[in-house]
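Peer 1: Pulled these from TrEMBL:
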- 196-291: domain 'Ig-like' (DOMAIN)
- 380-452: domain 'Ig-like' (DOMAIN)
- 482-575: domain 'Ig-like' (DOMAIN)
- 584-680: domain 'Fibronectin type-III' (DOMAIN)
- 682-777: domain 'Fibronectin type-III' (DOMAIN)
- 781-869: domain 'Ig-like' (DOMAIN)
- 878-974: domain 'Fibronectin type-III' (DOMAIN)
- 991-1079: domain 'Ig-like' (DOMAIN)
Amino acid sequence: MSELTGLFVVKPESVTATKGKDITFVAKVDSSNLLRKPAMKWLKGKWLDLGSKAGKHLQFKETYDRNTKIYTYEMSIIKVVDGDAGGYRCEVTSKDKCDSCTFEVTVQAVQEEQQDNILEAFKRSGDAGEDAGDLDFSALLKKREKKQQVVQEEVDVWEILKAAKPCDYEKIAFEYGITDLRGMLKRLKKMKKVEPKKSDAFLRKLDSAYSVDKGKRIQLSVEVADPNAQVKWLKNGQEIKPSAKYVFESVGNKRTLTINKCNLSDDAAYECVVGEEKSFTEVFVKEPPVTITKLLDDVHTVVGEKVEFEVEVSEEGASVRWMKDGVELNRETAGSKYRFKKDGKRHILIINEATKEDIGMYYAFTNGGESKAELEVEDKELEVLQSIADLTVKSAEQAVFKCEVSDEKVTGKWFKDGVEVQPSDRIKMTHIGRIHKLTIDDVKASDAGDYTFVPDGYALSLSAKLNFLEIKIDYVPRQDPPKIHLDTSGTGNKNTITVVAGNKLRLDVEITGEPAPTVCWMKGDQVVAEAEGRVRVETRKTLSSFVIEGAEKPDEGHYSITVTNPAGEDKAELFIKIVDVPNPPENVKCTSVGEDSAMITWDPPAFDGGVPVKGYLMERKKVGSSRWTKLNFDVYESTTYEAKKMIEGVLYEMRVFAVNGIGISQPSTNSKPFMPIAPTSEPTRLMVDDVTDTTCALKWRPPEKIGAGGIDGYIIEYCKEGSDNWVQANEEPVGKNQYRVKGLPVGEKMLFRVVAVNIAGRSPPATLSQAVTIREIMENPKIRLPRHLRTKLISLVGEKVNLVIPFQGKPRPVVTWFKDGIPLEDKTVGTRTSEVDTILFIRSTERAHSGKYTLSVQIENMSDSADIHIQVVEKPGPPIAVHVTEVWGFNAALEWKPPKDDGNCDIIGYTIEKADMKTKEWFMVYEHNRRPSCTVSDLVMGNEYSFRVFSENICGLSDEPGISKNTAIITKTGLAYKPPPFKEKDISSSPKFTAPLVDRSVVAGYATAISCAVRGHPKPKIIWMKNNMIIGEDPKYLMQNKQGVLTLNIRKPSLFDGGRYSCRAINDLGQDEVQCKLEVRVVQEKGEEAKK
């Protein structure tokens, strides 16, 4: 349950507003003791939240004064109308604190200017004084001509009338010429202010309203003038009966009603009634606040994409308000731009097509929490699904450049060496879906060069080279030495071929020579001879092709081709370079955090893919979320990045991608979770608690502003006055708000300061304003003996004794315990002593622990002592030597001796019981008998009795009794009683009614009964009749006969049930009958009676 506290500094007051005018209500809240910003609600009636009605008619304003820490809330009603009248309530809540106040708004019509002196309306016309003419009310008309009047000294007659007694009204009216006495009295009654009558029964009444959370309890209390007064509690006019739910308490003048486990049915009006006086209040039951269980995630998207903000709350069907940059989003104002979706506990805000205007901070509010997330929208980027690749073709062959982009609607242009390519019969450009092709038929040497595809409207280009492989045909004699025709001039470095990992490499090398030469491909020292497989060699008569399917990094290296025939040998060297996307960056970590930012560093990838790394892309997400948010679209070159716009107290993770000319790497491993937090504010109320010759004890309060990082501990530092050389007193941060600094120089003046430490670092220090002189403060020893130990302490055997006795003294006194004047050496009695108190404890007491315990505290030659008396007791033993000393008549005398064991305390009495030797059942005779003897009377003649006695002390009765050694026999006197012979009496009689039926008048609809009484033997038969007709088994009637009392019950009688009822009793000896008249009347409503 939220604690009802006085948070309001200024409360709104009830007002009477003029229709068409503006009014403003002001409430001020002190937040100096609050941990978070308070939430204010303006309500009308019970539950109507006016915050949802904000607009031209209702306006709200909130301001904050940082110096006084006071929030000011204003509610303005523009141009008041009649519908604004009623009861209002403002409610402020902050975590576990709440406060509310109520006020009323009354709306009145615009009043016309009244006549300056309305008394003239009650005077007669003319100037003849008492004998003037008729009453003249023309002065009250709106349109009139004002007469010129003689200026006279004005007398406020109304003030005279209000101060006068009622018996003087007629005299005052005559003196001032007022003849309409009745009209004057009516107006005077309206003018008189009804002063609140001081309550005679209540010293303090109920508050005007109470607020409680559902499921919690609430207490309504009043103070009455009479401590013995009885009160009644009413709920909605019905009296409340005490139960487990409603608990009544009465302590002195205070009367309290406690309502347990409040539910919505307890939201009602309550009254406390004392005699004729009442005190009213109203209880508002609030349902528990709806909290947010899954927070919003930041979204980073591009123009035109669909955006969903999803939040999960604690209860289904809860109300969630969406806002963007302080403006509420709802179905009325959102239009088709936003859609709102509910799925159980999930609430989703959908933006169909994001634009730049949607950038901002989005909030989801419930009555118990809020969450926010940022939406960033970037211009849409074109994604390259397949880039164009370098080609090496021979003369007259076909060259096809092909690329695929993410948008089917994108068009583009092809360029060769920076010049736009124009279509012709030989050169064709096609665009089918997302695929763009440039086809060149019958390739010529002039077609070699750099080809580029540039999409329209995007700062993007895709480039590749066309390498022309020229075939030279020389006519040589048949004995022609072999020749390798390899042209790698278009590949950059001489004899270097670059291949993107995953692509296919096919290198066709023309070979000439007669006879046909033998071809040998080698990678380093190994021969490549495979005719099939991923890396293979395909050989024809004049052409040798080296093929790599899906190039991999191990395929990179130096290759050679050697051709030989009888005429000679030729050899060519080439280097195949495999390039790929880089490896992921490594060692991503957070090095420092701020309130809403974090510094992230990482190491470059171990392998750059064979192409220099251009930069990096960063993403972040909240821990527990699966949605990553991009932090940059442009490549970031450094390995240190400051992430901003984060929420304090929320855990985040980061990952980084490396980018080179080939593409984007896989993401790095996620960084360790980190939380943006800020250091706390400085500790407060730093003060000195104690000083000795070498130590100083400090204590302080936690910082006012702690933040989401919490506090890991405190660091205490000290230095000599006038020096800046601060020395840290504790190696590890201390968690408590106190610390004793040790090892200080005696007599020096020292300064101390304390800083709070958390994951964000050190807070500003809290420093003592004045230096502290390190010197022992002497204090005489003194024992503060608790009040209950100043008398004898009595304990049962086996109980635990734990005595805590505080003392004082500086330096620390020497504490010594004694028992009966001898130093305490009993191992079953333990002692433990601290700087401020000593403890004496016995785990299980025994009789031997009884005695006088003395505590002594001593400082040098000064000492103090205190005595504590402990008595350990138990139940006594049984009395001894119980015997019957004398028997006479119906009496027996007993005597016994006290028990040998009195249980270590006085015997306070004895309990005596007797038993008949026949039945052996024991019955109490005496309790708390103080003497060791007694006389037992009223014994039965002829019986033999045994007796037993229990001894009793403050622990109770002894477990075993003392049983009498002899018995008491009550002998017969010898007299014999001869009863007269029994003669049976004839009790037969005819029926006779001893109580007749009585005429009755009853109210229709209320059950009634008529009854009479009859006697007779044998038992008579009973017949009930109405108007001489026997009443049969009619369910409307219930007939009962209890010991001769006859009752006829009639359920909810109507007018038809009126008439003459009779009861007849019949047996063999005769009959009797009684009758009565029953009148049934209908109660008329008050309204009908008034009409009559």
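Placement of Cβ uses the backbone N, Cα and C atoms for every residue, glycine included.
Map these features onto the structure and tell me what's around them.
Peer 2: Within the domain 'Ig-like' (380-452), the DSSP-based counts of helix, strand and coil residues read 3 helix, 37 strand, 33 coil.
Within the domain 'Ig-like' (482-575), the DSSP-based counts of helix, strand and coil residues read 6 helix, 56 strand, 32 coil.
Within the model, the domain 'Fibronectin type-III' (584-680) shows a mean pLDDT value of 89, rounded to a whole number.
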Peer 1: Look at every Cβ pair spanning the domain 'Fibronectin type-III' (878-974) and the domain 'Ig-like' (781-869), keep those 6 or more apart in sequence, and say whether at least 3 of them are under 8 Å.
Peer 2: yes
Peer 1: Work out, from DSSP, the number of helix, strand and coil residues along the domain 'Fibronectin type-III' (682-777).
Peer 2: 0 helix, 45 strand, 51 coil
